[in-house]
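Chemist: The structure is given below, and queries will be raised subsequently.
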């Protein structure tokens, strides 16, 4: 009897195409609902203050760059995307002469930001950037500082909003 029942169920599923009808029902159900597609260039979805986008270097309020060339970000980077060269200043402090980030290698993990003792390198909410020529994938120190100067007010606001979670 059990074998006959199994055959009956098999033939009902096969000839009535229950899987196909279930798929069609799902399609019909979603066909008449409101669309949730975002038209990307014209519409923007809200970003979290913790969003990890393009990297930037920050400055102190007096205009001096924050990076002290400790090279912790270079050491902690799992993708080996950061290259730092430094030299001693006359006053005995170290400063960077070269700070490059290869954006093809960068995986936007945020470990460089977490390891920085002076909050020099930060991630910004910028997520639309493109590369149209060879060599533009290397973010030099000047480019990183320019992005940091451009985004400083928003970075401060995002850090203030996120402070209780740090």
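Every residue, even glycine, has its Cβ placed from backbone N, Cα and C.
Feature table excerpt (Swiss-Prot):
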DOMAIN    57-87  domain '4Fe-4S ferredoxin-type 1'
BINDING   67, 70, 73, 116  [4Fe-4S] cluster 1 binding site
BINDING   77, 106, 109, 112  [4Fe-4S] cluster 2 binding site
DOMAIN    97-126  domain '4Fe-4S ferredoxin-type 2'
Chemist: Taking the Cβ of residue 73 ([4Fe-4S] cluster 1 binding site) as reference, which residues of that chain separated by at least 6 in sequence fall under 8 Å from it?
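Modeler: Result: 82, 84, 111, 112, 113, 115, 116, 121.
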Chemist: If one measures from the C-alpha of residue 70 ([4Fe-4S] cluster 1 binding site) to the C-alpha of residue 77 ([4Fe-4S] cluster 2 binding site), what distance in angstrom results, rounded to a whole number?
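Modeler: Between the alpha carbons of residue 70 ([4Fe-4S] cluster 1 binding site) and residue 77 ([4Fe-4S] cluster 2 binding site) there are 14 Å.
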Chemist: Return only the integer: C-alpha distance in Å from residue 77 ([4Fe-4S] cluster 2 binding site) to residue 67 ([4Fe-4S] cluster 1 binding site).
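Modeler: Cα-Cα distance, residue 77 ([4Fe-4S] cluster 2 binding site) to residue 67 ([4Fe-4S] cluster 1 binding site): 16 Å.
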Chemist: Compile a sequence-ordered list of residues in the same chain as residue 106 ([4Fe-4S] cluster 2 binding site), six or more apart from it, whose Cβ lies below 8 A from its Cβ; state 'none' when nothing qualifies.
Modeler: 55, 79, 81
Chemist: Please indicate, using numbers and ranges, the residues of the same chain that are 6 or more beyond the domain '4Fe-4S ferredoxin-type 2' (97-126) and have a C-beta under 8 Å from a C-beta there.
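Modeler: Cβ under 8 Å, 6 or more out: 47, 49, 51-58, 65-68, 70, 72-73, 75-87, 137-141, 144, 147-148, 151, 154-155, 158.
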Chemist: In sequence order, what residues of the same chain, 6+ apart, have a Cβ less than 8 Å from the Cβ of residue 67 ([4Fe-4S] cluster 1 binding site)?
Modeler: 57, 95, 96, 99, 118, 120, 121
Chemist: Using DSSP, tally how many residues of the domain '4Fe-4S ferredoxin-type 2' (97-126) sit in helix, strand and coil.
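Modeler: Its residues divide into 5 helix, 9 strand, 16 coil.
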Chemist: Rank the binding-site residues 70, 77, 112 by the number of other Cβ atoms within 10 Å of each Cβ and report the first-ranked residue.
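Modeler: Per the Cβ count within 10 Å, the most buried is 112.
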Chemist: Identify, in sequence order, the residues in the chain of residue 109 ([4Fe-4S] cluster 2 binding site) that are 6 or more apart from it along the sequence and have a CB within less than 8 Å of its CB; answer 'none' if there are none.
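Modeler: Same-chain residues close to residue 109 ([4Fe-4S] cluster 2 binding site) (Cβ under 8 Å, separated by 6 or more) are 52, 78, 79.
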Chemist: For [4Fe-4S] cluster 1, what surrounds 67, 70, 73, 116 with a Cβ no more than 8 Å from their Cβ centroid?
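Modeler: Everything else in range on the chain: 68, 69, 71, 72, 74, 84, 112, 115, 117, 118, 120, 121.
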Chemist: For the domain '4Fe-4S ferredoxin-type 2' (97-126), report the average pLDDT of the model, please.
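Modeler: Here the predicted model's pLDDT, averaged over the domain '4Fe-4S ferredoxin-type 2' (97-126), is 93.
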Chemist: Does DSSP put residue 67 ([4Fe-4S] cluster 1 binding site) in a helix, in a strand, or in coil?
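Modeler: Coil, per DSSP.
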Chemist: If the [4Fe-4S] cluster 2 site is taken as the center of the Cβ atoms of 77, 106, 109, 112, which further residues of that chain fall within 8 Å of it by their Cβ?
Modeler: 55, 73, 76, 78, 79, 81, 82, 101, 107, 108, 110, 111
